[in-house]
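Feature annotations, reproduced from TrEMBL:
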- 10-151: domain 'Vta1/callose synthase N-terminal' (DOMAIN)
- 154-224: region 'Disordered' (REGION)
- 196-209: compositional bias 'Polar residues' (COMPBIAS)
- 261-298: domain 'Vta1 C-terminal' (DOMAIN)
Amino acid sequence: MALPSQLKPIQHHLRTAQEHEKRDPVVAYYCRLYAMQTGMKLDSKTPECRKFLVKLMDQLEMMKKELGDNESITQEVVGNAHIENYALKMFLYADNEDRSGRFHKNMIKSFYTSSLLYDVLSVFGELSDENIQHRKYAKWKAAYIHNCLKNGETPQPGPIGMEGEGYDDEFGAEGGGPSEAPHNPPQSQPSFHGHPSNQPSASNFSNIQIPPGSHAPANTPAEIPHPEAQLVKPVPVPRTMPAVDPSLLNNTQEGDVRLTPEDFTRAQKYCKYAGSALQYEDVGTAIQNLQKALKLLTTGKE
């Protein structure tokens, strides 16, 4: 069924869902959930939009049944961690290629797909400042590098030369490449605090926060496989292990600590992040997240 023109803003999220149907059904599910929620806000009244959205709801219900025993679907906090980790891995792959001066279609598509997945994270609640920053940078970089290559120019690696680029409306329409018609981003795009324009400037990204030791190796494919599938093993590099907080070694709970349901949810999230980091052999990030969980459970504070 063709996408009604009123629902055009969700077309790339739906395409991302289609691309991940087999590779990572959890990503496909949440991309469609985001598309459905956003589509309802865009236009749920006109007959063609209503018909399209009802069909999308049916598809989501079917996927929910098929994935009924998957924790990423049944537990929101696990689903949130799954999408956030996937988005970050795609971002880090593209960022690593960019900073190494390797500009190609796959890295452009990885930047753009990661920005779409940061959109999708909004189904779990408000985005963190870090995720908003990653999303805006990834969208901008995808358009900037694409336009440079299209015009026969060599892109500048890293977070520089940021003013005046538009986003491409039809990004990814043909094999992951944008169309010819760039335009300025819609006003609804989140803007950075203290920056009057919708377009990010270089200074916004000069100190973008990347977790230590988590740059993906150069040969990581743009189409990141499911962790259980063929995982590309990074070449081992010497890592500085974070020091273990001595106060956590005696991990008995302090006297009057009363943990709230939110505390348990946050602790679970840290443990999930640690598990994901270990899948990528990122020991440092795993230890940091486990320390956060332990501190929260023993002191009630983060």
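Every residue, even glycine, has its Cβ placed from backbone N, Cα and C.
Automated prediction, rather than curation, is the source of TrEMBL annotations.
DSSP assignment over the domain 'Vta1/callose synthase N-terminal' (10-151) gives 118 helix, 0 strand, 24 coil. When the domain 'Vta1 C-terminal' (261-298) is classified with DSSP, helix, strand and coil residues number 35 helix, 0 strand, 3 coil.
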